[in-house]
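The structure appears below as structure tokens.
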Ligand SMILES: Nc1ncnc2c1ncn2[C@@H]1O[C@H](COP(=O)(O)OP(=O)(O)OP(=O)(O)O)[C@@H](O)[C@H]1O
């Protein structure tokens, strides 16, 4: 039963829209917003609903009439007198939040410390626990995101922005927008490309929920031949060479020199397994060391080959050279595009002329870093335009501050633009040698007990050991490399975390991830910027550059506090706190910080 007059009004409209659709009504709420301006009052939802006389009851979010809902904001109402987000559960309106009422800012976040002012409903959306799949944001898209969503689909558009600035959210809505409005996409379809199975799983069914029927592929699954990804290059140099643009020429020569070429798999097996063939074909293109890293003894059959992502991309190029045209699409949206190798970019360019490349060069965790976007866009046929997002929706300010130390110039992520405080300063725990994994996972399980989704991130070289440890200790943690993000705790190697998001991230031995190289520092930066609430670091080795100031004392094996009298007064709580095991202490810290933050917010209200 609703009581607030606004709830009653909106409930009536919702009931009417259900009555119009009858049995055809979808399970998901039909209305999420309302906008009033000189043109009258309009209700916004995912689908258009018209009554028997053809009058709109609800307008679709991507219709031109919904533009005012997205273009207006508290700091620039642009003629809108009411911008309201309507929250519906089942078929019941349960809340309304007005970012603009009477043409002025209404239910907005406090603008203290020069923070960006946004509707409180955006902040509330960010405070929800993460679920393992990307949260919905159609009701709260911001004007700067909406502008990019609606950009024309022709040619190449680069959407850049620091970690957590809403690039993926914008990319998904852009895909949906193009599916509704772009003739090329309507006739030839849309391709969404992501770098890893983990990100594919995180994006889940976001596009179908936006009403889009698109192919979502990770890079490895673009190739349509029989080979499947079964291995990974342990040497970064091997992946770098396989992804480099000269391989296009090497493969062309390979096809031209083969009498009876056979399949792409046959050809690539020959190339990898015969150093003299590689020397003949690539003497002038690859140095001896680069040719050496490609060598691999052929497996018993093509099916047994440990094909890597970059091998599959080379097979795709060979397939094209052998005359097999890949499917064509009207538009491709590529997330985390900074990680595309030149050969991967060619594979996408073969499939469509019009692309949206979404990413952040500072987050490159692929084997090769592009120095500029133009280096990457040169693989596509058209001129590129660029758009930038800068409002930080994910990373809490203290984590932004710490993570920026990993980048030469502090990176593009702007502290002042971050919407979140999270749970405060990152926690740093020094543990006994060899204990970091166990302590991190047990702390992760404790935080998961409060409802958090937790990502435990380790150096790629340590990942298999961590999986074995969990298996032998009977710990139920998801294998993030395979895209299992459904468990409360997910394990991930640092080179597979791009694009993902957790409430809490536990970093294990950051010096092993950072490893003092430029790539290592970027891996660390990306791993740190995956959390929405808290970051915890577990280490026994010295902390890497950029974190060394957090170095604490070595752990003491003797908890002397055990011999103290039982604490009874408030100040003694600190002692009691010290008695807790590491993971319990984290749990209590998380809860205290949450209580403090909630009470601060109440005071502000
Ligand atoms: N307008 C919005 N309203 C509510 N939530 C939003 C909005 N835009 C982004 N978010 C949320 O902010 C978080 C970060 O968004 P997203 O993953 O799109 O960022 P990103 O720039 O792609 O990050 P990264 O590249 O670091 O992975 C997500 O939880 C997303 O749901």
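Using the three backbone atoms N, Cα and C, a Cβ is placed for every residue, glycine included.
These come from TrEMBL:
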- 161, 162, 163, 164, 165, 166, 167, 168: ATP binding site (BINDING)
- 557-567: compositional bias 'Basic and acidic residues' (COMPBIAS)
- 140-396: domain 'UvrD-like helicase ATP-binding' (DOMAIN)
- 548-567: region 'Disordered' (REGION)
May I ask which of the binding-site residues 162, 163, 166 have a CB within less than 6 Å of any atom of ligand 1, listed in sequence order? 163, 166
Cβ density check for residue 162 (ATP binding site), other Cβ within 10 Å (all protein chains) comes to 28
Counting every protein chain present, what is the number of Cβ atoms, excluding its own, within 10 Å of the Cβ of residue 168 (ATP binding site)? 25
Other residues near the ATP site, CB within 8 A of the CB centroid of 161, 162, 163, 164, 165, 166, 167, 168? 360, 389, 392, 393, 394
Test of understanding: give the count of other CB atoms lying within 10 angstroms of the CB of residue 164 (ATP binding site). 27
Cβ-Cβ distance under 8 Å, sequence separation of 6 or more, same chain as residue 166 (ATP binding site); the residues meeting this, in order, are 137, 142, 145, 389, 391, 393
